[in-house]
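Heads up, the thing below is written out as structure tokens.
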């Protein structure tokens, strides 16, 4: 495959994984938890590096899962001790992130792992760092890891689809019929963590937030069906990846930055033009909506 | 210790001290508005404004950059409000979107400016993590004036703020203009964020607002005391963090300030007089003891008593 | 036979103790309203019994056994306001959620489940709205969907949190008909209720609650002026005026 081909494939895998996870993320009102975890995985990566002196896939994934779960547990714990939810998110992630940055500045130096790379990603290097995969031949490491993560995401989401749905919509009912709501919460946080860390080479730890939240929010405006929303959200993620790449090439600027920006374009278009919940259709249908609401009242 | 003697370092220390105090005070307002994470969204949203201001003027004049940051953060705030109020998208999602998309735009612009502006760019990168040491005296003076202005706004309208935060309806009844108060609140919040990002950086600025306020909560129930304590915690961690960061070459200021305030937070969490873990543990123990004494001393007789009561019904 | 035994239940919410030595027992086939002022711990009582909220001490037994063994026999209708009605799903899907416990892990609801859900929507007079997005339903219709979801669970004991709050008259009638049908079928229902005017018409048992059990028993014995006044304390007059 060509150089550009690998980059687009890698970015599309990011878009797909993030889009699918992001759909549930925004429905569970955890958009800011994603923001928090995307920062704290840095600490997980740095710690994993300091322990193993390696920047390879499995170590980073494990480090990221631990950091992500630690974030989720700490936020929950502070909240249960009377700190407002969003304040406790703010305390936890800034602290863990700051420790990560300090560790990089004081222990790691700029040789192997620099903060800017972790935050902004460096997708242009991805195609050169290859590994040998049976049957497929030479495949970039980051791409392979993203494909593996996407597979995990799809399997976990599909296997527990109805459980994700009910715990997102009505956790009290879910708990009352014996679904392990808390366990599922932490499984989900692990999914967010591995998606974030796998996307880290491509778009960086911060820009992954855009990929997680914005395509899902855009999809939420187009449909009233959960399954369609998840598919759309993944598609919007891929679309943003392509758009972002070509904008970056055109303006000769940061690829990850333009991909994040491209998710914004997709959202704005949806926000204005979606037939169901867009601004334009709202103005057009305002009168019609009022009338149909009166009809409903008449029937009931 | 030599660095302490350098006059520039002294100026920088003074500025992070005052900045920390101002952020600590505004953080209390944000805490009670339940908008702690709004500060995170707004500080990220400020990045494109900083870069655009730089690109337009071609200079690193702090005042111009602050203006750019403020405009961009206010646009972000307005968009969050607009998305939230006119669609089914919830506030946390709207904040996450604005935060990441604006930050992405900022990085795009920053890369372009870095490429075209040549050697003059190094200062711009500092807006991401903060580099207090790079501030020159003129910047420090600008920052100080603005930070003192922010503190004055809180001081002068103290009882109005209190009413506005805790009983907005009553405040309205007394003729307090809630629109004006809201704009004023947004104004000081954005101001403190944009003057802080030079020292702390856009990513960690939120910590300056959130952590001191949360820590202060553990010590007191009074709003006045909370604001005072939060200012002390914020100022203290600004000072200590900056001091530590000057000890190593190229150490970013922001993370050290954050860690300093997290240490204060941990101390408050454990020892806080009002809600600290130790106090709570002692309280719970005495409560449980009371509860055990009040309950039936002999649990084995409970069941017959219950069935008796049941048959009486 | 008693289907629910609650014994010296204590629980706190945030810092405050909201349930204090709550003890009562519910007979099979009864239709009980839980009545008490705001903050009396009515919703908390339901949540603590269902182990959705931690208790400090005390015991709750369902059908002489523990909740974990009897989960399929117990149904719960949370407050309508506790969920986000903008969730991308339709009415039928919400009702099907009531069956998720029976469907089992890794399986999808099948045609048989769908028919059951449809039947119970129909029972609540909502069959025509099966594929409507839930945010486009009126408050009363949303409440009926919740009731349909409880019916489909086919439980023996139901807990309902304010099912009659803020619904239109038609929905109120539909819900009360359903509750009486459940009672006739030998099921037991406990309802958190806020409207003192209708207690006597709607329920055969009353549990007067204000942090602890003020009185519990047949409506005609318990729902007296004195007892209600005791439960509400000074706030009763204020409530009637409001």
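Backbone N, Cα and C define each Cβ position, glycine as well.
Feature annotations, courtesy of TrEMBL:
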TRANSMEM  A:6-27  transmembrane segment
TRANSMEM  A:34-52  transmembrane segment
TRANSMEM  A:58-78  transmembrane segment
TRANSMEM  A:90-109  transmembrane segment
TRANSMEM  A:142-161  transmembrane segment
TRANSMEM  A:173-196  transmembrane segment
TRANSMEM  A:202-222  transmembrane segment
TRANSMEM  A:229-248  transmembrane segment
TRANSMEM  A:254-273  transmembrane segment
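For the transmembrane segment (A:90-109), the most Cβ-contacting stretch among A:34-52, A:58-78, A:142-161, A:202-222 is A:34-52 (pairs under 8 Å). Spatially, the transmembrane segment (A:202-222) is adjacent to the transmembrane segment (A:34-52); three or more Cβ-Cβ distances between them are under 8 Å for residues at least 6 apart in sequence. Beyond its flanks by at least six residues, the transmembrane segment (A:229-248) meets 4, 7-8, 11-12, 14-20, 22-24, 157, 211, 214-216, 218-220, 222-223, 254-263, 265-266, 270 of its own chain at Cβ-Cβ distances under 8 Å. Among A:6-27, A:58-78, A:254-273, A:6-27 has the largest number of CB pairs under 8 A with the transmembrane segment (A:142-161).
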